[in-house]
Amino acid sequence: MSVEESLKPLFSAITELKPSFIDRLSQAVSIPSVSSDESLRPKVFEMAEFLKSQLITLGAEDIQMRDLGIQPPPVVDPKLQLPPIVLARFGQDPAKKTILVYGHYDVQPASIEDGWATEPFTLVQKDDKLIGRGSTDDKGPVIGWLNSIEAHRKVGLELPVNLVCCFEGMEESGSLGLEELVAQESDKYFKGVDAVCISDNYWLGTKKPVLTYGLRGCNYYQITVSGANADLHSGVFGGIIHEPMTDLFKVMSQLVDVKGNILIPGVNEMVAPVTAAEDKLYDPIEFSAEELSQAAGADTGYFDDKKDILQHRWRFPSLSLHGIEGAFSGAGAKTVIPAKVVGKFSIRTVPDMDSDKLDQFVFDFVKAKFAELGTKNKLNVELIHGGAYWVSDPFNDNFTAAANATKLVWGVDPDLTREGGSIPITLTFEQELKTGVVLLPMGRGDDGAHSINEKLDVPNYIEGVKTLSAYLHYYAAGAK
Ligand SMILES: [Zn+2]
């Protein structure tokens, strides 16, 4: 029997189970599992228990609630427990391939005062939208995997692969403890994993499904310029001393030009050239400059052309100036000369930039520009956070299975996209498990993942369950 034939009864079951799937998501959304709010930590634990009980009901084996210990500072409660990583398996047949699915059960904060039209922790169905915190990020996809299992059970269809679930509760707060757990379990719980599927990103727009094969990395720097040992009055000291803020402005203004070009020598030279084949991948992508203006809330883009916009978002590095610590930033006309200011900026990185080399180029450039000032102030420049970029072959077995699944359910070939931001765990899974990762999103680009009125469209939820299910079957068939 072809994959398509065997999926027919499964898809019918998924359609029939829609009310129960919406109810399951509604139960999940009703638990305010906000990981960044210490007072809501018990709710994050409650959400983990909810998943556990669902997993038991659905026949999971080897369910483990992995304790990650106490949350490191800064915390208000020094004994604050990290929520567990929930591990579970469905099947351990050595004859089958094994897929690991990752998702997170914690959510961003939300309260009606922020401007929500409805109570954020009550799933509300309005027209064809399911509105509520976590509906799309990431409870919809996590519950989506459970729904897929329920549908398989209902029609008596065996899962075509061994499924390993890894659901974490700290994703919105830096994924504390996850990297260590993945490394620790690579040869244990995660042994034999053939491929990883993460459903925690979005379509680019609202109409066409996508698969995502690349993410930019991010190196975050700070430049400290210090002079006097206390803030001074400009009426007394203005005009007779070297001012740290003036020095910092001079240096920071030379990092990037007003068209977004990075001015640090050596940086652009490390970027891998766009090949003709790669350039072609951008042709079918549904996107317009208007969508960018809409998303930005203003018509302030550098580019009008679709390819220029997307390649500069996904494929080329960018440098952004973020802020100055220690500077006067209040209202009014305070005449202070800040004694010490810390400028913050970051560079979004892409293949084949070498992170260590990049740091060295940045340090050398900043020091050289500072030396040119002939100032008597002191300078320090350092990397304060680094995360690597990720890019995958979008035509490997894992992506092909996801593309076939998307085509079957949505009737179109998915756009192959990248993202300008980072999902650090993607690279961790790839490196630690030595396997490929596909980012297979469920929701649309306008879902409002971290903002008010977060939603998931009902078709994305239900067809999304079909897509995730079909992906498993295509992967199993292709891997034979
Ligand atoms: Zn997420």
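A Cβ is built for glycine as well, from the same backbone N, Cα and C atoms used for every other residue.
Automated prediction, rather than curation, is the source of TrEMBL annotations.
Remember, predicted model here, so these are calculated numbers, not experimental data.
Among H233, H242, H385, H473, the residue that TrEMBL places alongside D200, T335, R348, S422, H450 at the substrate binding site is H233.
Matching E168, E172, E419 to the Mn(2+) 1 binding residues that TrEMBL gives (D137, H450) identifies E172. According to TrEMBL, D137, D200 bind Mn(2+) 2; the candidate from H104, H152 that the record adds to this site is H104. Taking D106 (active site) as the reference point, the recorded positions whose C-alpha atoms are within 10 Å of its C-alpha, out of D137, E171, E172, D200, R348, H450, are D137, E171, E172. When the Cα atoms are compared, R348 (substrate binding site) and E171 (active site, proton acceptor) turn out to be 20 Å apart. DSSP classifies S422 (substrate binding site) as coil under the three-state reduction.
The Cβ centroid of D137, E172, H450 marks the Mn(2+) 1 site; residues of that chain outside this set whose Cβ lies within 8 Å of it are V107, Q108, D138, E171, A449, given in sequence order. For the recorded site, R348 (substrate binding site), the DSSP three-state label reads strand. Ligand 1 lies under 6 Å from the Cβ of none of the recorded positions D106, H233, T335, R348, S422, H450.
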